Every structure is written in structure tokens, then in C-alpha cells.
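A.B. asks: Let me begin by handing over the structure; questions about it come next.
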Amino acid sequence: MSLRVAVQMDPILGINIDTDTSFLMMMEAQSRGHKLWFYTPDKLSQEDGRVFARAQPVEVFADKGAHARLGETVMLDMKDDIDVVLMRQDPPFDMAYITATHFLEKVHPHTLVVNNPAEVRNAPEKLFVTDFPGVQPPTLITSDHEAIYDFRARHGDIVLKPLYGGGGSGVARLLADDPNLDALLELHAMIGREQVIAQKFVPAVSKGDKRVLLVDGEPVGAINRVPASGQVRSNLRVGGRAEAVELTARDLELCKIIAPELKRRGLLFVGIDVIGEYLTEINVTSPTGAQQLKRFTGVNAAEVLWNRIEDIRANGG
């Protein structure tokens, strides 16, 4: 079965092919004989109820600096010309991102969009996890500064995060007596009107933040992301270091708790973040870590994903 695949992502010529999960997905698709097109989210349009993308056919190669060969730009009808869309642009989860999910919702599931765009919109990673009581550390989501002060008084050391964002940007640890809380809250208020997250600090983060990848609710494998010395952010984009790790009984328990909801929502490719015994995020936008997982364990999450996509398309989905 040869599929027509459009990949909505950040500029392809600027990616790091050693770490980029979207690139691994594209390489796997190409190896199976699927035809690839690339476009950035700003090239997506809607006119009279139909959705189009100004896209370029692309071939990908494991060759740094020459990893993508782009063809002439064409206008794709996303319902008639494409079988699968990989929605892989990185956050911020802003109104442009949300609008793109509305566009792609109009063609899904006739054109299979991975992940289901309506559910990507409905499941921001730091909010979606709150649907599963008892899996998180104590967590407050608010724009009420007094509530945040009260939360810190009850829990001591906390971590402050923007509600919408990614890659560890804007994350800060505050000690129980840290005088900088006011300044940080003022900074968040200046940047935007969104609520922030205050979360009880989990000391186990010094040993790493585990990223578990799931395909259609089933765990494929995990990597451990260890923060740089003196840091609490373990994200690879801000200096975290990846290392091999085994899935624990608790990891599998957490996966089992969320799996039915992932399947129901059509969230085929998901990355969850686990610190110690706690689930802290469910990433459904553009999960990373597949390259490192393959390097450490030989497990290719992109292969597992494409097996599932092909099965869905073969059965009329």
C-alpha cells in the first residue's frame, strides 16, 4: 500500500536529523514507498469549506546538510490529494496552532490526521493530565497570584510553568522563601493573559524526567532526560541529556490508566513525562524522543506508528 503523506512541521531544512522525531517518521514512511510532501503551518488555507496546503514534494536522506530534497511547490487539496497528515509543528499552542487544528478537522478522518486535530486542540498537555486524578504531584492552575502564594505556603518548594508552551521554556523552581515569586508572576502577566501552573517540586527530577512514547495507547519504550547540573529542566532542547532507561511497573500502570482515553480520542502518537511516581504531562502535539529511543534500544517508534497507520488506512479509517 502506497500512501500520500503530507507533513505539517517547522522548516525542514533547519532540523537536526540526529534528534528530530519527525525526520525519523519521514524516513520510515519513505522506506515503505509512501510519497511525502512538506509544508509549514502558515501554508495551510481554507476556502469555501475546503482545505488546501501549498506544499512541496520531498525526499529525505540520512545526510547532514543535504537531508531534504524539495520539489516544486504545488497546491494540495487536503481531502482529495492526501491520505495521511502528520501534524508535527512544535508549540507554542497559540491561536495559530488552534486554527490549524480547525482546518485539519474538516478533512479528518477521510484524510487520517495524526494526531486527531480536534483532540489535539482539546488536550493541551498540561491540562489533559488533570483528567486523571491522583497521577500528578499537587498542582494548581490559575492566574490568581494570591492562590499561588497560598499554594507555596502549603507545599514549600514549587515549580512555576507557563500553561501553554513547550521544550522547558519559562519553567522555574522557587524555594519556599524565594523572593522572586512576585517578579516571575509579573513577567508571566506581561507576556500574556494565560494562567500559569504551580506544582509541588519533586526532588526525583534530579535523577531524570522519563519520556515514555506510546502508539495508540501502548507503550513502545522510554528514555530518561537528565537535567544539566544545577538545573530543574530536563528537556533536551534546554540542555538535558538523554540516557537509556527501563520501563518500571509504575510507568506501565500510568500508561494503562490513560490508554483507553488516548484510543478513544484518536491520539495515535503520544509522549508522557514521568518524574518519580508522578505523571506530569501528556504531550499530544509534537512528541519527541524517538531518535534517542532507537539509538539506545533499537526500538523504532516510527516503525510501530506506521504499522498502525497502515492498518487503519487498510481498514477504511
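Residue 1 is the first one shown; counting continues down the chain.
Heads up, the Cβ atoms here are built off N, Cα and C, so glycines get one too.
This is the feature table in Swiss-Prot:
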type	residues	note
BINDING	152-208	ATP binding site
BINDING	E281, N283	Mg(2+) binding site
DOMAIN	126-310	domain 'ATP-grasp'
A.B. asks: To what whole number does the mean pLDDT across the domain 'ATP-grasp' (126-310) round?
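C.D. replies: Overall, the domain 'ATP-grasp' (126-310) comes to a mean pLDDT of 91.
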A.B. asks: By a simple count of other Cβ atoms within 10 Å, which of L160, A176, L184, the binding-site residues in the record, is least packed?
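C.D. replies: Fewest other Cβ atoms within 10 Å, among the binding-site residues L160, A176, L184, is found for A176.
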A.B. asks: Helix, strand or coil: which one is L184 (ATP binding site) in, per DSSP?
C.D. replies: helix
A.B. asks: Can you tell me how far the Cα of K200 (ATP binding site) sits from the Cα of E281 (Mg(2+) binding site), in Å?
C.D. replies: 14
A.B. asks: Of all the binding-site residues given, R152, G192, K200, E281, N283, which has the fewest Cβ neighbours within 10 Å once its own Cβ is left out?
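C.D. replies: Sparsest of the binding-site residues R152, G192, K200, E281, N283 by Cβ contacts within 10 Å: G192.
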A.B. asks: Enter the number of other CB atoms within 10 angstroms of the CB of G208 (ATP binding site).
C.D. replies: 21
A.B. asks: Please report the distance from the Cα of G192 (ATP binding site) to the Cα of N283 (Mg(2+) binding site), rounded to the nearest angstrom.
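C.D. replies: Cα-Cα distance, G192 (ATP binding site) to N283 (Mg(2+) binding site): 22 Å.
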A.B. asks: Could you tell me which three-state DSSP class R152 (ATP binding site) falls into?
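C.D. replies: R152 (ATP binding site) sits in a helix per DSSP.
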A.B. asks: Between L184 (ATP binding site) and E281 (Mg(2+) binding site), how far is it from one CA atom to the other, in Å?
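C.D. replies: Computed Cα spacing between L184 (ATP binding site) and E281 (Mg(2+) binding site) is 22 Å.
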A.B. asks: Please report the Cα separation of N283 (Mg(2+) binding site) and L160 (ATP binding site) in Å, rounded to an integer.
C.D. replies: 18
A.B. asks: According to DSSP, does L160 (ATP binding site) fall in a helix, a strand, or coil?
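C.D. replies: DSSP call for L160 (ATP binding site): strand.
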A.B. asks: Going by DSSP, is N283 (Mg(2+) binding site) part of a helix, a strand, or coil?
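C.D. replies: Its secondary structure by DSSP: strand.
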